[in-house]
Amino acid sequence: MRVLGIETSCDETAAAIVERDDMGEGRILSNLVLSQIAEHEPYGGVVPEIAARAHVEALDRLVDRALNDAGLKLYEVDAVAATAGPGLIGGLIVGLMTAKALAMAAQKPFYAVNHLEGHALTARLTDGLPFPYLLLLVSGGHTQMVLVRGIGDYERLGTTIDDALGEAFDKTAKLLGLPYPGGPAVERMALQGDQKRFALPRPLKGEARLNFSFSGLKTAVRQTATELVPLTDQDVTDICASFQAAVADTLSDRVGRSLERFKTEFPDCATPSLVVAGGVAANKTLRAALENLCTRHGFAFIAPPLNLCTDNAAMIAWAGAERAATQAPDSLDIAPRSRWPLDEKSAPVFGTGRRGAKA
């Protein structure tokens, strides 16, 4: 089965063609992503209206290129899949309506994909990973630990109770006068800094619950920087290094408890695995900390290639293909959802929930 996938949930316009054979193995035939960093950089973050307009301008051409790169015509794909949520509603509408129109024109089945499910299933495309496994999703809009039991069968073990980790990186970078996007900028500066100079907090470390919290850490960074004004270059690098070390310690503690939970629930699992996805997964320091953690706990550490960790359409096409193998297509009446948890039957997280551009 060959599926055309479309992703427009935030600030990347993406189109891809993925093939899934009868044995469940996948192959990427094309995968194109057009970033909007240049459009949003002057504002220090994603502007929803600008993002939606950029999707409108780019998507049709990108779909044509994806088909051409795969050597296919639209009528030769077997299904069309698009992100229907969660994300920025304007961008979701652009991608969803385009995908519906293509599916209708080509008389192909349509699948509305949860963006988070795309991340959750990527390791099955890249590594052929069997169920069950753990997923750590760390991005600008989400920080979640998810137990992946099967297609459509997910349990959220922990999530952020305030800020997503990617947002904490971006806000720290903006506070220190570093360029957008903030994650890579903080990582570069941290390489030159002293991570022991500032004693920043490790939120929720040692607690039994599996949730995350980064608001207090972000506030501590602001207070530290304010006390040092005017900041020297060394101050900035040391703050970045101390911040990154605090994040690594926090993740190791939170994820370590989730690994123990997994082993308790699946004691006979022959290949326990931790999958890490999302833009923050590109951070080498955090990856190294998580790899060491997995080694100590006897888990395989799996991080898809960087271009498949960040937002892309190959994961959406693959999620559509996985669902098509066992489920009926979705109605063309389905609406986009700015909020769409993977585990809809679970109790809501305490508080008002995530807010902001990538919530």
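Backbone N, Cα and C atoms are what each Cβ position is placed from, and that goes for glycine too.
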Among Asp162, Asp163, Asp170, Asp268, which residue does Swiss-Prot name as a further substrate binder in the site formed by Leu137, Val138, Ser139, Gly140, Gly141, Gly183, Asn283? Asp170
Need a hand: Swiss-Prot gives His115, His119 for Fe cation, which of Asp249, Asp253, Asp311 is also on that list? Asp311
Which of Gly140, Gly141 has the fewest nearby Cβ atoms, counting only those within 10 Å, among these binding-site residues? Gly141
Could you list the residues of the same chain, at least six apart in sequence, whose Cβ is under 8 A from the Cβ of Asp311 (Fe cation binding site)? Glu7, Ser9, Cys10, Glu12, Ala14, Val33, His115, Gly279
Most Cβ neighbours within 10 Å: which of the binding-site residues His115, His119 is it? His119
May I ask you to report the DSSP-based helix, strand or coil state of His115 (Fe cation binding site)? helix
With the Fe cation site defined by His115, His119, Asp311, which remaining residues of that chain have Cβ atoms positioned within 8 Å of the Cβ centroid? Glu7, Ser9, Thr83, Leu116, Gly118, Ser139, Ala277, Gly278, Asn312, Met315, Ile316
Would you kindly give the Cα-Cα distance separating His119 (Fe cation binding site) and Val138 (substrate binding site), rounded to the nearest Å? 10
